[in-house]
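Student: Copied straight from TrEMBL:
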{"type": "DOMAIN", "residues": "16-210", "note": "domain 'Succinylglutamate desuccinylase/Aspartoacylase catalytic'"}
{"type": "BINDING", "residues": "H25, E28, H119", "note": "Zn(2+) binding site"}
{"type": "DOMAIN", "residues": "225-304", "note": "domain 'AstE/AspA barrel-sandwich hybrid'"}
Amino acid sequence: MCSIMEGREVVLPTVSRVALCGGTHGNELSGVYLVRERLKRKVEEEEHISVVTVMSNPRAVQQCRRYTETDLNRCFTHATLSGPVTDKTPYEIVRSQELNTLLGPKGSPEAMDLVCDLHNTTANMGLCLIAYSDCDWISLHIYRYLQARENNHHRDSSFWMHFLIRVELPYSLDSVGKHGFGELIGPQAHGVVRSNILSTMQEGVQQMLEWVRLFNSGTPFEGGKVDVYTMVKNVDYPRDFETRGITAAIHPQLQDRDFCLLRPNDPVFQTFSGETLKYTGTEPLYPFFINECAYYEKGIALSLWSNAASPSPHMALAHSRAVPDRQETRADTLLRPEGARWTGAR
């Protein structure tokens, strides 16, 4: 959990270069069609922002597959990005290095100020922003802005928003930018597009760009508490010891109940012979990605996450304040002493 004293002001540089990416997984079609429309209209400039729109994995999009050889959204570690390339290197690894050249290099001052990567899920998760740190205050404030706008629009209460924190080594496309997150929305089956899901993703993107325009024009943003979910562990399906095939499915009482608290002894699986298998953990946790289609191959039936309130500071644009020569990255925020404040160059 990031430590910051409430009421402190954080002064940040402009978010002048934004990358909007879709088709990282070629069968998640909301992002694919959103990006196609922007490319068709040649949308490159927004007020106060330069926007680069990218079809991340064109081969997988053409084949309407998650990937062609390996999962592109696991190829953005420093080790993979700096590895050698030969004629036998999987296409997605080659493509990750191309994207790193276009949008990064990762961890450098030249990297995009913000990378938003668009995804779908078959799980009943609504709209989520997924990042690597609750100290990425740009992402936190964008989430707060989207959440406020959703509340003002009085959406159907069944459609919710959440902010999720990965705890793994940053491996995804959004980690190439100085700031970044995945915008995930579901449920939507892979290989199809639903108009309501696409419309909600489009609204989320427009509101994200609206927040960036406001911030770059000097609008200050008040701090406050943000409920964030942090990943604890993944849970695999029960499996046959010899064949490793699954022997159970998600229990009907758990199916589609993403973000509903899972308590000890609650049903989790129902075996193919009809037996109920219960949650054996000692603490209540929140299940996400329940029965996600793409995670069968990864051995994940669901993920369990904890919930806590994270403070987001007051934020303002740097403008002409005295600034250091370098910009802070998300890694720096993890090392900053509690209550410290920094300013960055425009």
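The backbone N, Cα and C atoms fix where each Cβ goes, and this holds for glycine too.
No curator has checked TrEMBL annotations; they are predicted automatically.
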Student: The domain 'Succinylglutamate desuccinylase/Aspartoacylase catalytic' (16-210): mean pLDDT?
Tutor: 91
Student: Cβ within 8 Å of the Zn(2+) site's Cβ centroid: which residues qualify beyond H25, E28, H119?
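Tutor: Close Cβ neighbours, site residues excluded: G23, T24, N27, G31, R66, N73, L118, N120, T121, L184, H190, A294.
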Student: DSSP helix, strand and coil counts for the domain 'AstE/AspA barrel-sandwich hybrid' (225-304)?
Tutor: 3 helix, 32 strand, 45 coil
Student: In sequence order, what residues of the same chain, 6+ apart, have a Cβ less than 8 Å from the Cβ of E28 (Zn(2+) binding site)?
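Tutor: Spatial neighbours, sequence-distant, of E28 (Zn(2+) binding site): R66, L118, H119, N120, Q188, H190.
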